[in-house]
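Colleague: For reference, the structure I am asking about is given below.
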Amino acid sequence: MAKQVPERSSKPAEGKSSSRKTAAADNPRRQKLWRDLALIAVAPLLLYLLASLFTYSATDPGWSRTGNLVAPIHNMGGRFGALAADVLLQLFGYVAFLLPVLLGAVAWIALIGDREEQTQSDLGPALRLVGMVGFLISSTGFLHLRLFQGEVAEAGGILGKLVAGSLSSRFGALGANLFVLVLLLVSITLATGLSWFAVMERIGKWVLALGPLMQRKTHQATEWQQTRVMREEREEVRKVDAVKQAKREPVKIEPPPAPVVEKSERAKRDTQIPMFQGVSTDGSDLPPLALLDDPKPQTKGYSEETLETLSRQIEFKLKDFRIEAQVVGAYPGPVITRFEIEPAPGIKVSQISSLDKDIARGLSVKSVRVVDVIPGKSVIGLEIPNVSREMIFLSELLRSKEYDKSASPLTLALGKDIAGRPTVADLARMPHLLVAGTTGSGKSVAVNAMVLSLLFKASHKELRMLMIDPKMLELSVYQGIPHLLAPVVTDMKEAANGLRWCVAEMERRYKLMSAVGVRNLAGFNKKVKDAIDAGQPMMDPLFKPNPELGEAPRPLETLPFIVIFIDEFADMMMIVGKKVEELIARLAQKARAAGIHLILATQRPSVDVITGLIKANIPTRVAFQVSSKIDSRTILDQSGAEALLGNGDMLYLPPGTALPDRVHGAFVSDEEVHRVVEHLKASGPVSYVEGVLDEVQTMGDGTVVGATGLPESSGGGGDESDPLYDEALRIVTETRRASISGVQRRLKIGYNRAARLIEAMEAAGVVSPPEHNGDRTVLAPPPPK
């Protein structure tokens, strides 16, 4: 029983302790709930009081005035709101408008604000309430002293009047103002915790930052002013430009002629290859034009609207670089379109020429070529490639009237100019042609077009060719045609022999023309032909018949033109060297009157290939696309070829001018070349001239062709009978050097005689034959001392 009593008494004790814990746990919750309810109740009351104050009307009945009880109330708070607003305004003046805010702050502090700080200090809420009361008293007194001291309800109200009156009577106006101001500042500090020293420090920082801020604002204002002025200037310029655009004449757009190429009479005849007409066996007939492919229909270039738009774009792009210019004309062509630009006074051509790449980038085209001078016009040309490029066929050019009207058998069909008109040239007037460009620029196709132009214009009786093809690919296809002097040359040593023969033939023709009394090959052929037609042929003055052998005098015959094609001039220069350059220079200097002409082609336009000696004697040049302005200047002595488009696009420098013409070369397919070659092979047998490629060449009058191509007597000095042979032998055996130039220099004789002396020593076994590098070994021992 004793054990059961404590158990019974312990249960009530445990229940009491648990109830206390529950009450303690519920107490903060209840306090928070009551605070929230109190704030919810106070908030509408403060809003009601604030609305009553702001809608106060002096006509409403109140504490200080009586009115009509049945009159409408203007105050939003009704009659009670009008009474409360009148009481507050009369008591506190303008500070009454802040009273709801102060009451709200007091409610917040009392209910929520300082519950966390009560554990640290019990004076916090009390000091804040004291500060708010002090703020109310000091603010009303300050307003009454400083603003208005008239009616009771003005400024600080009754409270302000009492405070200001009591202070003024004791301390005077100055003392009252100072006291009220100090009380106001202290009250604000107590109510809010604001530190006036912190306020002054912050104000000082603001004042110090005011200087840089003003500088920035001043700078921004200056920039804004400048921007505004520039904007106004641009607007003014736009207005002026708009007026100019409205007044300016439209761009002159000259469309290409409808029939760009007029067919010749020969083209009308050669519409197809004759099937039943016999082919001439002597090769005198020209190949029909039907062997060539007909041109295909081409797409049009830029429309007039596009040309007008491009003209405006060019003007705007130049204006971006501060260049005033106006597009006055547009001339569309098969490959490019030329825009004529009239620059403003004071604008240099070099300023526009230096912007070619920038203009090309702005117009989104591959390249732009600037033409500095257009003959007969005061404008600058700007050549822009077309979007769709027209393919030019050789058959168009050979069927044109320009090609057919040319009476020269050396007429070359080069292509079309920028307007689409055929461009033909006379090789006899050039009289030599240099063709240069990078690989893939259309150089070999252009050479084939030139060859076919000559083959369609002249028979093998009027024209003979010597073709040198170091690459063994381009010109070898013409092997076996009756126009060739010798087989197509692929060995460069034979090429040197062929050039030596041409030099000797040039000298022989000069002697014939001198004997006949004419100045060029055309006059010589005319005189010989007239004599043959008259039945009194002229005898060869250089042929000396041998009566012992029964030889009769040989009559003269007309001489054909000779055209020498060298497809890759650089390879031949590398293999043969200076010797070939001298032969080519000699032909270029003198061969025009003799009817011998050169067409040199190279894909390496460098100064070691196109030397000054060659450029001085070959003024007519064709430049295809090159990689740099330096290469263009090497070929044409001016830039421009670096801006070409490739695929036959060329700059043609005619003889006697310094301004190149832009020409778009004609395309010739391999099938067309093979058809023409097969037709020429069937028209006549090949008739090579003997000895053209031989190492030792003898002319018809018995003279031997020397190393320089000049004829030398076969029985002249230079062998063992030469009086200088022994002296030359002594020099060679003593110096142990078998050099032609050394013998020539020591004996002070000509090159040909020194060469014959060395050859005589080789025949006598004194020196060895020349090795692959041209050196000889002295085999004989030195003379005894």
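From the backbone N, Cα and C atoms, a Cβ is placed for every residue, glycine too.
Here the structure is a predicted model, which means the values were calculated and not measured.
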Colleague: Given 123-143, 564-584, which one carries Swiss-Prot's transmembrane segment label?
Modeller: 123-143
Colleague: Suppose you had to name the range Swiss-Prot annotates as region 'Disordered'; which of 1-27, 298-324 would you pick?
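Modeller: That would be 1-27, the stretch labelled region 'Disordered' in Swiss-Prot.
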Colleague: Using DSSP with the three-state reduction, classify Ser441 (ATP binding site) as helix, strand or coil.
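Modeller: Note: Ser441 (ATP binding site) is coil by DSSP, not helix or strand.
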Colleague: Do any residues of this chain, six or more beyond the ends of the transmembrane segment (123-143), have a C-beta under 8 angstroms from a C-beta of it, and if so which?
Modeller: 92-95, 98-99, 102, 105-106, 109-110, 113-114, 117, 155-157, 159-160, 163-164, 167, 176-177, 180-181, 183-184, 186-192
Colleague: In sequence order, which residues at least six apart in the same chain have a CB under 8 Å from the CB of Val445 (ATP binding site)?
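Modeller: Those within reach of Val445 (ATP binding site), by Cβ under 8 Å and sequence separation of 6 or more, are Gly648, Gly665, Phe667, Val668.
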Colleague: Suppose the ATP site is Gly440, Ser441, Gly442, Lys443, Ser444, Val445. Which further residues of the same chain have a Cβ inside 8 angstroms of that site's Cβ centroid?
Modeller: Gly437, Thr439, Ala446, Phe624, Gly646, Asn647, Gly648
Colleague: Looking only at residues six or more beyond either end of the transmembrane segment (92-112), which have a C-beta under 8 A from one in the stretch?
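Modeller: Sequence-remote neighbours of the transmembrane segment (92-112) are 35, 38-39, 42-43, 46-47, 49-50, 53-54, 85, 125, 128-129, 132, 135-136, 139-140, 143-144, 147, 153-157, 159-160, 191.
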Colleague: Apart from its near flanks, which chain residues at least 6 from the ends of the transmembrane segment (179-199) lie with a Cβ under 8 angstroms of it?
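Modeller: Sequence-remote neighbours of the transmembrane segment (179-199) are 105, 127-128, 130-135, 137-139, 141-142, 145, 163-164, 167, 171.
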Colleague: Any residues 6+ beyond the ends of the transmembrane segment (37-57) with a Cβ under 8 Å from its own?
Modeller: 74-77, 81-82, 84-86, 88-89, 96-97, 99-100, 103-104, 107-108, 111-112
Colleague: Neighbour count, 10 Å Cβ-Cβ cut-off, for Ser441 (ATP binding site): what number do you get?
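Modeller: So the number of other Cβ atoms within 10 Å of Ser441 (ATP binding site) is 25.
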